[in-house]
Amino acid sequence: MARKTPIERYRNIGICAHVDAGKTTTTERILFYTGLSHKIGEVHDGAATMDWMVQEQERGITITSAATTTFWRGMEAQFQEHRINIIDTPGHVDFTIEVERSLRVLDGAVVVFCGTSGVEPQSETVWRQADKYGVPRMVFVNKMDRAGADFLRVVGQIKHRLGANPVPIQLNIGAEEEFKGVIDLIKMKAINWNEADQGMSFTYEEIPADMLELAQEWRNHLVEAAAEASEELMEKYLEDGELSEVEIKQALRQRTINNEIVLAACGSAFKNKGVQAVLDAVIEFLPSPTDVPAIKGIDDRENSVERHADDNEPFSSLAFKIATDPFVGSLTFIRVYSGVVNSGDAVYNSVKQKKERFGRIVQMHANKRDEIKEIRAGDIAAAIGLKDVTTGDTLCDPNHVVILERMEFPEPVIQIAVEPRSKADQEKMGIALGKLAAEDPSFRVETDAETGQTLISGMGELHLDIIVDRMKREFGVDCNVGKPQVAYRETIRGKSEVEGKFVRQSGGRGQYGHVWLKIEPAEPGQGFVFVDAIAGGVIPKEFINPVAKGIEEQMNNGVLAGYPVLDVKATLFDGSFHDVDSSEMAFKIAGSMAFKKGALEAQPVLLEPLMKVEITTPEDWMGDVVGDLNRRRGIIEGMDEGPAGLKIIHAKVPLSEMFGYATDLRSATQGRASYSMEFAEYADVPKNIADAIIAEHG
């Protein structure tokens, strides 16, 4: 089967933004103008096509990245048909992982800003993630019809706060209630969209006389930015003072793809103005899969290899998202980098080293699907029937093995206990948590050995709220949720020698176990080290292992406050036994008793997780942020210059002091600072705090 759309006419783009910039509305309008949805879905009606989980429609925020394929020929049908694969990404800080994995597989992005609130903390986070993956992008300043909207002010913030080089390709005509349309600075014409047909048709008009001077000034900036693309263009510009429309567009495209400039457009998605021009700009200025560098990976001999966006190269693709679908089970979203694969073909998961077979392949339109027979280089689609694939795995041609760069996922930091409300919920909860953990690499599930409770951990409180909510809605599991907890641990700092004796002798068969242990710290990270130093058979061989088991059980149950003990070395060096009364059980209990007594004599301490915290803040708020970290027992480890005059503070802070930090940081810096945190190490809890925890649990 031949390719329907040549790869040069593909655009794989993400639409990213801060929570309320109007990103989902923008995507809805794109689907409307490209003919995919006949009735526009409004977010505030809870009907937006891209927000397809119930939680998203209720909360009015986007949680998962829905992927959609659409086609566009231009506002004036001036292009051949282009295929645009769009990924709508969430804007909330707890879901940054979703944004990260989308950016990893995109070729370009449209970053949406609100014309009133401009650059917000999450937009800074998204921008830094796009920088990390080198994603070329353009900007759409939305909500120009809102009170206080100011396009050029937002362009200024993009320059100063994000350290970017924005080049406006439009100016707004009027703002707030007076917002009428835009001036196209390349054509030097005004564009007015027809409100009667929801902006499906438009007219070019002369630029309003009172705006001509401003338009000419920004037009000059635009042409200068284009001229800087090459020496030839610069010479032509200096001689003629002008460049042709074709030259301007080619130069701006090249500089956008090289990440040297960011083109800026404006409009109001809600009022159906400007989105059509953004689609044209996506086609004219953002890269096709062949415009971006070939993806790098390693082959089965550990040599580095490249895969180009070419149907004739061996098949290679990256699984960037797993979703559970009520009708077909598991959907694996993949981005194809090279080659072709048909439904029914065998592929190789090079990360897991397993063969998989592609069952059906579907192209997603939000959560509706069309079945297709094959996917080719540059495609984004979902496969049904893959058995053991997780986010970040490479799927490739079994005869040409490659592992593409894996995505890195942060360690979860916050933990809550969940308990099923009934016996029926118990079984369903296990299945539900397993499926949710497969979908989301930043979410983990474990069982607390002492209490038997199920603990779930994730990136933040909203993250875990949504998980609990999805268990109820999608899997019908009712559960009670505990308060967020810190995972403390225990260890020892000193040495001791102790005797453990368990004797029960009162007529008939008794119990007799007797051991001497030497207890001391092990190397960090070693866990439990057991040394058998028994000589001359004072304890028979069959009773040695039970002693180790008894010690290990006591370690899991803790000695101070019931938290597991880490990094201890126990040497069994003496003891005695009884011919009749000794048993495995008796020695297990003796070992456990000796360890508890010995650990309490060996300077036991409580450990807490320290988090590596990185805060990006404008200089004005630096003193407040550092003062607050000191109050939270934080240790400042250093400071760096960030982009656009921001400061980056590196610190280590106990997790117990970080609950509610996102809210506190927002209010302390008027929402200008952002932070990330990940687990660093376990460290001793200060005595006064440890005593309180031990008193509570002991």
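We count from 1, first residue shown onward.
Including glycine, each Cβ sits where the backbone N, Cα and C put it.
These come from Swiss-Prot:
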BINDING   17-24, 88-92, 142-145  GTP binding site
DOMAIN    8-290  domain 'tr-type G'
Per DSSP, three-state class assigned to MET144 (GTP binding site): coil
Neighbourhood of MET144 (GTP binding site), C-beta criterion under 8 angstroms, separation at least six: GLY115, PHE151, ASN172, ALA175, PHE179, CYS266, GLY267, SER268, LYS273, GLY274
Number of Cβ atoms other than its own within 10 Å, given for ALA17 (GTP binding site): 30
